[in-house]
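Swiss-Prot has this to say about the protein:
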BINDING   GLY8, ARG9, SER10, GLY11, SER12, GLY13, LYS14, SER15  ATP binding site
BINDING   ASP60, ALA61, ARG62, ASN63  GTP binding site
Amino acid sequence: MRMIIVSGRSGSGKSTALDVLEDNGFYCVDNLPAGLLPELAERALINTELAEPLLAVSIDARNLPSHLTRFPQMLSEVRLRNIQCDVLYLDADEATLLKRFSETRRRHPLSTADRSLAEAIRDETALLGPIIDLADLKINTTHLNLYQLRDALKLRLLNKPEPGTAFLIESFGFKRGMPVDADLVFDVRCLPNPYWKPELRDHSGLEQPVIDYLSVQPDVEEMFQDIFAYLNKWLPRFAASNRSYVTIAIGCTGGHHRSVYLTERLGQVLQQSLKNVQVRHRDLS
């Protein structure tokens, strides 16, 4: 049986996450009291109507504070039943959450006459502390639109063919912000930039003209070898420490050329020695 617990601050994308999971065969329960988590898991295990039990539950600030405090105990009880249970935590920066609430005109679950929306959003972080501390996967949705979030959720949660650590190697552009949910970040902006070659500007690091240009640059090759040597040595240590998810981010200026090229190469070589290696290009449209 597999269970995914979805949590996060209001406005971060939890409803979208549940929709994605439901579309992919998960039985979903929204706003489950944390104290009922072990009981729900037990009932799902003995339910003969579920050929392959896939369960997703949302636990967030709508819970009683006393239930959230007990979350670590409830999670431990679930895992003692030999259930593969992942905790997903979604978040976004405060300005983005404020904007989303302003656009939808929805009421924050913690807002009152004496508590502003900004205060409610900040208080929510403290309330969800017990869940944040135990999250296996954290996704920051600040720079993701609805479709990008759905793709990210499918990639991280549903494309994990085997148990163990799932490694995501992700290219990005610094001009759109650094991915705050990355575990390791490599800055490759010091490398020769194909953008300044008019004939290469409109191509990406996935296309042969850019590949041909970057593959003969000594600094690019040296950077690749250094990053690969580091990852090849240390990623197995991450896996040995029972990490469920590790995100490695490779950044250049725009996220179209250098970071894409290196991310593709690193993904190809690491897939030869590690299981569950995924590649994503955040800023390629």
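Cβ coordinates are placed from backbone N, Cα and C, and glycine is handled just like the others.
Small disclaimer: the values here were computed from a predicted structure and weren't measured.
Structural mapping of features recorded in Swiss-Prot.
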residue	record	Cβ neighbours (10 Å)
GLY8	ATP binding site	27
ARG9	ATP binding site	26
SER12	ATP binding site	24
GLY13	ATP binding site	25
LYS14	ATP binding site	22
SER15	ATP binding site	13
ASP60	GTP binding site	24
ALA61	GTP binding site	23
ARG62	GTP binding site	15
ASN63	GTP binding site	23
Cα distance (Å, whole number) from ASP60 (GTP binding site) to GLY11 (ATP binding site): 11
Same chain, 6+ residues apart, C-beta under 8 Å of the C-beta of SER10 (ATP binding site), given in sequence order: ASP60, ALA61, LEU97, PHE101, HIS108, PRO109, LEU110, ILE121, GLU124
Neighbours of ASP60, ALA61, ARG62, ASN63 excl. site residues, C-beta within 8 Å of centre, GTP: ASN31, ILE59, LEU68, PRO109, LEU127, LEU128
For GLY11 (ATP binding site), the number of other Cβ atoms found within 10 Å of its own Cβ: 24
Between GLY13 (ATP binding site) and ASN63 (GTP binding site), the C-alpha gap once rounded to whole angstrom: 17
Cβ within 8 Å of the mean position of the Cβ atoms of GLY8, ARG9, SER10, GLY11, SER12, GLY13, LYS14, SER15: remaining residues of the chain near ATP: ASP60, LEU90, ASP91, ALA92, LEU97, THR141
ARG62 (GTP binding site) to SER15 (ATP binding site) - Cα separation in whole Å: 14
Whole-number Å value for how far ASN63 (GTP binding site) lies from SER12 (ATP binding site) (Cα to Cα): 17
Alpha-carbon distance [GLY8 (ATP binding site); ASN63 (GTP binding site)] in Å: 12
